[in-house]
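Undergrad: Mind looking over this structure? Questions follow.
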Amino acid sequence: MLIPSKLSRPVRLDHTVVRERLLAKLSGANNFRLALITSPAGYGKTTLISQWAAGKNDIGWYSLDEGDNQQERFASYLIAAVQQATNGHCAICETMAQKRQYASLTSLFAQLFIELAEWHSPLYLVIDDYHLITNPVIHESMRFFIRHQPENLTLVVLSRNLPQLGIANLRVRDQLLEIGSQQLAFTHQEAKQFFDCRLSSPIEAAESSRICDDVSGWATALQLIALSARQNTHSAHKSARRLAGINASHLSDYLVDEVLDNVDLATRHFLLKSAILRSMNDALITRVTGEENGQMRLEEIERQGLFLQRMDDTGEWFCYHPLFGNFLRQRCQWELAAELPEIHRAAAESWMAQGFPSEAIHHALAAGDALMLRDILLNHAWSLFNHSELSLLEESLKALPWDSLLENPQLVLLQAWLMQSQHRYGEVNTLLARAEHEIKDIREGTMHAEFNALRAQVAINDGNPDEAERLAKLALEELPPGWFYSRIVATSVLGEVLHCKGELTRSLALMQQTEQMARQHDVWHYALWSLIQQSEILFAQGFLQTAWETQEKAFQLINEQHLEQLPMHEFLVRIRAQLLWAWARLDEAEASARSGIEVLSSYQPQQQLQCLAMLIQCSLARGDLDNARSQLNRLENLLGNGKYHSDWISNANKVRVIYWQMTGDKAAAANWLRHTAKPEFANNHFLQGQWRNIARAQILLGEFEPAEIVLEELNENARSLRLMSDLNRNLLLLNQLYWQAGRKSDAQRVLLDALKLANRTGFISHFVIEGEAMAQQLRQLIQLNTLPELEQHRAQRILREINQHHRHKFAHFDENFVERLLNHPEVPELIRTSPLTQREWQVLGLIYSGYSNEQIAGELEVAATTIKTHIRNLYQKLGVAHRQAAVQHAQKLLKMMGYGV
């Protein structure tokens, strides 16, 4: 829950001076990106902006305290303030902030600006007491905010010092409105107005001006002088002389003498006790001070002018002026040291009663009350964990003695999940092992099962599927049906283990079960994970259309639950890119991979390895080797500076080896082959992929026999495990081996198998990537005219893709080629005497490339009847009677010109 007072603009008080000259300056605030109000404490920053904000509707107010250095808390309140200003316009951002479903503050702000693009009215966001922010991540995020905020949004920041928000750049670009302490200082006229409002007997203008000069227009000093004069302890001028030259850091003695010592003991204790509250209402005051009618007491303190501020329009919430509040808290530590723990305990209890456990934890920590802290955590820790209050939980758990954790194993489990969320896998197992060693009877029952579920998740994350399987099974055997979260975890892990072992049908069933349980209990990140795993399994089985449909369900879940900024979103768009690439939708595949990189923009560059490999695959499929080389340089740099899972390495190696194949770089392939990992098994898609990389390198090096052994074993495994997509890939590589080894009939046999299997997988780019060798074979198959209709159609599509992206055979019949051909001494006399037109040469090239008449018409964007005319003319000029003879004639010309065909 959010504390309402932190989102309420302060109420404009009676007897305050309206700062007309400053309000006039602020009237143009909508022309600036940032309005910055800076001064030491007590110069009236908040009062000024509350006057300016009066009557404005499109304004959000966020009052900071020390706890707002937690990024998640800062995000929640800031988005809530924007929602306040826009009447709930930014619903997606609000949900993301509430559920902590964003990768970083900057990515959350980026989503905010997308939603605000449809908000066209002027909009203001006030952040008060920004000097309390010390978290550099928040500073950096707010710099991003200011750089990218919409033109109709003005950010208003109040701070005691110059914040780290790129002020100089804004100033140079005239996008900054500044008001500092010199402008905030009261003028003679304002001081006179102030005293006239506060004192029953007016003072002379000259006297008022001298007092104002003595304290340099400092508003707090003027307020203290008025308070002293009302209490008749000193004349106003005497108080002014005493305050002259001092500042906020030297006020303590003065405040003791002039404020605390001039109120009765009951009021003094009320002030000291209530000051421990960062914000307060009737219930909190009654519980903390022990006085009845807390609201009435607060209003009385306000009337006495004791630096109390209303925080909302209802008058329910109050807080002390920061300067006075800090002073009172220091005095409380000195004067009520013995009572202070009990006061904090009372505050914690009252905050708990009002449903604010995070505020209660703050006071339990201050009280040093481990028992209270333990009880709060036992009741609310998992809710705080699910809302990503990780820093607060970590601080709280560190404050508990180890014995207290042992007595409450749920808290040990919580601490372990905290470590897991931070990828501290080794520490998780150490902590759980220590707890099991020291907690009696923990090695059986529900808690042990929950430990095992977490251990199973750690094991699979750490690349240990056998241990993960053992632990997940133990957990599922021991967990009661109602322990849904740990059951979801264990079921998911077991499904992932079976995926790794190639038991795809069983794995798919478990992932579907995980999805069902996760949806039932609103555990959305596991629901998304299970859908991604289902898609991968279906892809591996060769059911790419069903994999696509499963991905659509995952995208829908992301949109409905606002999961766009979870790292898992990158996983989803990456496997979508792989599917699009397989179907030769290269532009879409590239866009999808780039969106994955964008999701990970706030993470370490190493996390982008897989998407970068996908971009390289797109370049390779297009035959764009220059771009591929540039991207490969970055990929190889990332490989050398990180630790990766085996499937990540396999995907990275794949594009490297294909590039070496395309460029004939045998030295690089040989060097890689000497050092690369050779897995013990090949029972899943990423191990199959690594062995396929090895076989491709061996083929490039002419090591056909060992490559054939590898590929035959891969095919045996793929058939037995129904890894149909891998089988399709293996057949294509085996085809290349046979072709290069001169075993043309074997090459044709496995190519026919690959084409038939592609009717199920839909593969296109896997054929295209093999380039000219594939094009030659497909042309021959098409010319034989024996392919079934589906395979014939696919072969023609693959040829078109090869021709488009790799500039193969028909590209040789361009103007430069024809000119060189006609000047060749061995050119047939018939072509010299009756030369083809440029269009007829193009048609000949497309006939040679395997295109049908309809496809040639589509490629050249002319009518089919026109193509028939061109074909009739070129047959006559070449002296041939049919298509097969034209293909053979073109082949002779290419050989004559030195092209290996």
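Cβ atoms are placed via backbone N, Cα and C, with glycine included.
So Swiss-Prot has the following annotated:
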{"type": "BINDING", "residues": "S39, P40, A41, G42, Y43, G44, K45, T46", "note": "ATP binding site"}
{"type": "DOMAIN", "residues": "829-894", "note": "domain 'HTH luxR-type'"}
{"type": "DNA_BIND", "residues": "853-872", "note": "DNA-binding region"}
Undergrad: Relative to the mean position of the Cβ atoms of S39, P40, A41, G42, Y43, G44, K45, T46, the recorded ATP site, which additional same-chain residues have Cβ within 8 Å?
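TA: Output for this site, in sequence order: R160, S181, L184, A219, T220, L323.
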Undergrad: DSSP helix, strand and coil counts for the domain 'HTH luxR-type' (829-894)?
TA: 51 helix, 0 strand, 15 coil
Undergrad: What is the pLDDT of the domain 'HTH luxR-type' (829-894) when averaged and given as a whole number?
TA: 85
Undergrad: Sequence gap of 6 or more, Cβ distance under 8 Å: name the residues on the same chain that satisfy this around T46 (ATP binding site), in order along the sequence.
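TA: The list for T46 (ATP binding site) reads P10, D128, L158, Q309, given in order along the sequence.
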Undergrad: Taking DSSP three-state, what's K45 (ATP binding site) in: helix, strand or coil?
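TA: Once the DSSP labels are grouped into three classes, K45 (ATP binding site) ends up as helix.
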Undergrad: Would you count the other CB atoms within 10 A of the CB of A41 (ATP binding site), including those on all shown protein chains?
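TA: A count of 21.
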Undergrad: Fewest other CB within 10 angstroms, which one of the binding-site residues P40, G42, G44?
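TA: Sparsest of the binding-site residues P40, G42, G44 by Cβ contacts within 10 Å: P40.
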Undergrad: Please report the DSSP secondary structure of P40 (ATP binding site), reduced to three states.
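TA: Once the DSSP labels are grouped into three classes, P40 (ATP binding site) ends up as coil.
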Undergrad: For Y43 (ATP binding site), list the number of other Cβ atoms lying within 10 Å of its Cβ atom.
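TA: Its Cβ shell of radius 10 Å holds 28 other Cβ atoms.
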